[in-house]
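Annotation source TrEMBL lists region 'Disordered' at 1-24. Residues or ranges marked as compositional bias 'Polar residues' in TrEMBL: 1-10. Per TrEMBL, compositional bias 'Acidic residues' is recorded for 12-22. Annotation comment: TrEMBL describes 92-128, 134-175, 176-217, 242-279, 286-327, 328-360 as repeat 'WD'.
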Amino acid sequence: MSNTAKSNSPAVEEEEEDDEGDVFLGESDVIHEFDVDGEDENDDSVHTFTGHKGELYALACSPTDPTLVATGGGDDKGFLFKIGNGDWAAELPGHKDSVSSLAFSYDGQLLASGGLDGVVQIFDASSGALKCVLDGPGGGIEWVKWHPRGHIVLAGSEDCSMWMWNADKEAYLNMFAGHNQSVTCGDFTPDGKLICTGSDDASLIVWNPKTCESIHVVKGNGSKDGSVHIVNIVTGKVVSSLTSHTESVECVKFSPSSATIPMAATGGMDKKLIIWDLQHSTPRFICDHAEGVTCVTWVGTSKYLATGCADGTVSVWDSLLGNCVHTFHGHQDAVQAISVSANTEFVVSVSVDNTARVYETSEFLNKTA
């Protein structure tokens, strides 16, 4: 079975051996050690999804169903599966190249998948049925995002453009041109009135989604050089620069709006998670990892955040104390993305090792809250 829910106590299978006399092996006889069926005594996951036949790149947890997870990868496929239900999975076919990005709509009804084939597909999230195919971009899709209060979907492309469609009407709305290299990140602002995009050309552009006009172009932004800049999108001015990373910055997340102290978290290939005090533009804590930090997310509206690491681990941190609350083991290779279930009881991660793994957070988060 490719989709397994596991108890905390691993099952031990015993085989009867042929009664042909005992054979004893010494350490010198061991050529290679490996895990049977991929099971590992250091696997902390409560659910493992192994339906993919290649590396996993994309991950999304439903904002409304705490058990529903979407994954995508290098086998050109996406899947929906449910945490704790190893008997159900829905394949999301149709892409002709790697599935690079996934996103649920704000109401959890729709799922968008973006592929390196330049196509965005829209699925019914509850059944996995394909609703429509949105095309136009001349290069691979780097990311997909939804409007915070509607079924309007955005996608950034390797061909330097960004596209916007109405998913309900299967209609093209606008194409945004202004970057001169791949549009590597972007999103609506929380009120849905503006769009911000970042590119390999080291610029940030603030857009009017209705007119396609670029309101501000902020040059000199980057992450490959280890720099982080805070920009006021109303004025288009850089208000502060956060300089502590020494290698490429791979991920950035602001703290929840409900946080008592405005913070940001950044992770880099310098093996550091840095939790920033945005009021003073200074690091509150520098949290060391064994390898590069590939992804970071806040755990709901709590004080905790989770990181994915190139060594395959997932760690949970207390942003107010700077300490590691727990480190989960299970993946055999680098973690590519992490997400948190709608009820914050699970952290889900996908990896180069072809698997998605689910870790239970509720036990220790409740104890330390």
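Backbone N, Cα and C define each Cβ position, glycine as well.
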Predicted model, mean pLDDT over the repeat 'WD' (328-360): 97
Secondary structure tally of the repeat 'WD' (286-327) (DSSP, helix then strand then coil): 0 helix, 24 strand, 18 coil
